[in-house]
Amino acid sequence: MIKKIGVLTSGGDAPGMNAAIRGVVRTALGAGLEVYGIYDGYLGLYEGRIKQLDRSSVSDVINRGGTFLGSARFPEFKEVAVREKAIENLKAHGIDALVVIGGDGSYMGAKKLTEMGYPCIGLPGTIDNDIAGTDYTIGYLTALNTVIESIDRLRDTSSSHQRISIVEIMGRHCGDLTLMSAIAGGCEYIITPETGLDKEKLIGNIQDGISKGKKHAIIALTELMMDANELAKEIEAGTGRETRATVLGHIQRGGRPTAFDRVLASRMGNYAVHLLMEGHGGRCVGIVKEQLVHHDIIDAIENMKRPVRNDLFKVAEELF
């Protein structure tokens with residue numbers, strides 16, 4: 001019987017994490033459970049920075065970006081002795097189960113705790129939308145709006161100066177954020193891990209556009225694929241048109257979550273508590289075709305793959 005639940009946020013922050021925490025806290029308290037917030041992710045869990053939360057702890061947080069519990073990178077959590085200490089801290093507070101909000105690295109920590117017999121539920125909180133078993137992650141659509149606003153502003157200045165602009169977008173090894181941003185932002189070209197890059201073809205396409213009277217272009221590029229500034233130099237040399245790179249960086253993680261992300265996070269937080277009360281542990285939550293689902297967290301990490309949105313890549317190709 002679950003009586004006390006812990007909740008933490010880990011890895012890169014994402015808009016909507018506070019709404020997810022609120023969903024966990026309010027649902028658990030309403031069911032007569034105690035809730036404990038763990039500050040600064042797995043690092044705080046290891047160091048024992050754990051505090052009991054009440055309803056007022058999550059008042060006025062649903063509209064705030066970031067995470068009031070804080071987050072931290074803590075690669076040392078891979079070590080067995082570190083996790084054993086973390087579990088000791090949980091048991092010292094009488095915490096029976098843990099809700100972890102974060103990306104794939106956070107899921108890996110939850111997986112390790114699960115393998116050590118400690119029940120965890122993972123909620124997908126990352127702007128990268130790179131978690132298997134869910135159509136959307138918490139924060140993804142808010143970040144999408146942030147990127148689109150930036151692209152709109154870049155288009156204003158690019159058209160004024162007849163300039164080619166490269167905009168580097170987060171996502172790591174997943175091109176979802178870049179793909180959707182490129183379609184919604186009306187970008188002329190897209191470079192993601194799924195599409196790869198043929199530089200000669202790209203420069204040729206830009207030259208063809210210039211010959212037809214096109215005065216500017218926006219290129220959407222997923223981070224980590226290449227150096228955006230070096231690519232800008234190559235394009236400028238190949239086309240004779242001024243080319244500049246803009247790295248959006250961490251601005252994509254900030255800002256008030258959209259209504260969609262607030263509702264999604266609230267639903268997932270609520271669902272996580274109900275799963276724990278029903279005796280489920282070692283699960284991760286997702287939303288598929290607007291329905292909440294849960295998967296084995298080990299299977300999700302080791303075996304499940306995110307589908308490539310070939311339908312949207314086809315749309316993008318035909319629109320560009």
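Cβ coordinates come from backbone N, Cα and C, glycine included.
A quick note: this is a predicted structure, and the numbers were derived from the prediction, not measured.
Features reported for this protein in Swiss-Prot:
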ACT_SITE  D128  active site, proton acceptor
BINDING   G12, R73, F74, G103, D104, G105, S106  ATP binding site
BINDING   R22, G23, V24, V25, R26, R155, G186, C187, E188, K212, K214, K215, H216  ADP binding site
BINDING   D104  Mg(2+) binding site
BINDING   T126, I127, D128, R163, M170, G171, R172, E223, R244, H250, I251, Q252, R253  substrate binding site
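Put simply, D104 (ATP binding site) is 41 Å from K214 (ADP binding site) when counted between their Cα atoms. Here ADP is bound by R22, G23, V24, V25, R26, R155, G186, C187, E188, K212, K214, K215, H216 per the record. The longest Cα to Cα distance in that group is 59 Å. On a Cα basis, G12 (ATP binding site) lies 8 Å away from R253 (substrate binding site). For F74 (ATP binding site), the same-chain residues lying six or more positions away in sequence with a CB closer than 8 A to its CB are S10, G41, Y42, L43, Y46. When the alpha carbons of G105 (ATP binding site) and T126 (substrate binding site) are compared, the span between them is 11 angstrom. Here the candidates are the binding-site residues R73, D104, T126, R244, and by Cα distance the one nearest E188 (ADP binding site) turns out to be R244. Among the binding-site residues listed here, namely R22, D104, S106, D104 has its C-alpha nearest to that of M170 (substrate binding site).
For G12 (ATP binding site), the nearest neighbour among the listed binding-site residues (R26, G186, R244, I251), judged by C-alpha distance, is I251.
Here the CA atom of R244 (substrate binding site) lies 18 Å from the CA atom of G186 (ADP binding site). Within 8 A of the CB centroid of the ATP site residues G12, R73, F74, G103, D104, G105, S106, the other residues of that chain are S10, G11, G41, G102, M108, G109.
Rounded to the nearest whole angstrom, the C-alpha distance between R244 (substrate binding site) and D128 (active site, proton acceptor) is 24.
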